[in-house]
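K.L.:
Have a look at this one.
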């Protein structure tokens, strides 16, 4: 009876709380040009110039004769009328589109409709993810358990904290304990309910520390090196202010992190030698500094040298000037005099306002007609790659300290929810191969970004009444770009492929899934998003072969040390450039948009993929197996690859475990028609842009030598086109043209 009652309530929610809206047609003969999702209702269908345009409660869909634009409403950042008959749509993922209408009145009508549709919701239930889940529950009522499994993340996500503590091997008897001081978020609303702290630090001391740290975000341990016991912690800035305030408990906690690492390392060594068990401090028992030092002095000389607390590295993501300036607002940074055995380093990472400005410059550049002679300098002027470089260097510094120097690290910025998760999550990705698996990556995102309160609602602009544009910033997108850079440098080290990351970018903003709603776990719990929406991991699951990296090897490098210089970084064309996403099979055949007034026959030939291919991808990374390279211009190989990609493509729109939005803002069916006024600004295809990049960098001998040196395996050459290959393929093109 309880199940029937629950089912009836779900039906009420679907049919009455999320009712279908009446369809308005500009022409009675017009039909909805796409298959609607569960809970999706089309509100308007009309005609643009040479196109059919439709608006639902989830997407904007524009269909030309040979091309389609399909974009979720929450992915659209702004809509403007820059021409009397033309709408200019700017998307949060860097895409820009234009739509031409026949009359001024029609253009204005659609401008009002779209601006109303993309406005931040007045209540969170207005987001489509709630309607989608509710209607799915009704449709799949007879298969409720199966649907629930599809909508929910796996056990590795739901039990992530317990699993991670066990996997990383924390010594919970002597060195560390799990504090429940934040149970029901009573201490800090943007922190998880369970945190790891040194065993002898009491909850009373933690309360004192919280009063001294920004937003009460106290130092919490989030990672332990399984070999040497060094840890990574994160927190908010200390509230030093101009008065130079101090907090003895905070100073004690920071020093205790280093001492706990030494204790953890020693106890693990003892267990390996004689299996001795030590005192239990899991309930916050007080182990004084005298006891700790005494226990060290009782060890043998060689052992005591090995277990002396290492000098803790405090990594401040800001510049020194910015940290000092924060004192005027009540913040500040640690004074080394008050934190003995600690070193403070400032990384000089830009704040969200500088990152937002850089991203807007990048978006403007990627949607203009490129000038081959100045494009790279224009890209440099956006400073986007420079920001990525600084972020990678910061994470690499953490990796070097933890892995090579065996030093504990404490990371913070101002508030600890933007630059801090970028550095910590990237460092963990470099340090631990587990996070480079599909399941591990999900745990990483859930832990460092969601549990520790990155403000997705404010940064993405889909929170309740989140109209403040100064709060918006592609912080998570910037981090995913860094992950993409790592994928390019280490193509055999990630279980998931680039399409996985592209989909994650799209659904960070789409609001089809509830994973990235709200600003912290407390808000998500209050809104019951986990029970009322589907998880994005139901789509990006490990079993989904469409997102499997065929070059992945579990035997690849354990710790990654990437090259962080700007010249070694690549623009993420699949996200920032039009017609270049890797997640649809038609992308490889996508041709440049036609120049106005020209005929299709005048268009340049599409670029041949400049990659190496292998007869057997499973052995491509095995250096003991001789590789047989086949040119990517081999027609039979390209046909087989296209067939393979089509077989991997998600095809079922209605199933909750599949991806109902293909996400690309461009044509899925080849070249756009000549008369299509919907374009990506100047409409530059990936082939054009990469040819420009290659032409501009062909004389960079030093970079090419470095790239040659970095190809440790045959698989690592997949994304690199050397001059010899370029000359050979140019010859092939010439022969074909003749």
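Placement of Cβ uses the backbone N, Cα and C atoms for every residue, glycine included.
Note that the structure is predicted; figures quoted are calculated from it, not measured.
According to TrEMBL, the domain 'Myotubularin phosphatase' annotation covers 155-576. The feature substrate binding site is assigned by TrEMBL to 326, 327, 328, 329, 351, 352, 413, 414, 415, 416, 417, 418, 419. For 413, the entry in TrEMBL reads active site, phosphocysteine intermediate. Feature annotation from TrEMBL assigns region 'Disordered' to 590-672, 710-738. Residues or ranges marked as compositional bias 'Polar residues' by TrEMBL: 614-636.
For each listed feature, how buried is it and what is near it?
P.N.:
Per-residue confidence over the domain 'Myotubularin phosphatase' (155-576) averages out at a pLDDT of 90.
Close to residue 328 (substrate binding site) in the fold, though at least 6 residues off in sequence, lie 242, each with a CB less than 8 Å from its CB.
Close to residue 413 (substrate binding site) in the fold, though at least 6 residues off in sequence, lie 237, 316, 317, 318, 349, 419, 420, each with a CB less than 8 Å from its CB.
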K.L.:
In sequence order, which residues at least six apart in the same chain have a CB under 8 Å from the CB of residue 326 (substrate binding site)?
P.N.:
237, 318, 332, 333, 414
K.L.:
Would you mind pulling the longest C-alpha to C-alpha span across 326, 327, 328, 329, 351, 352, 413, 414, 415, 416, 417, 418, 419, which the record has binding substrate, in angstrom?
P.N.:
21
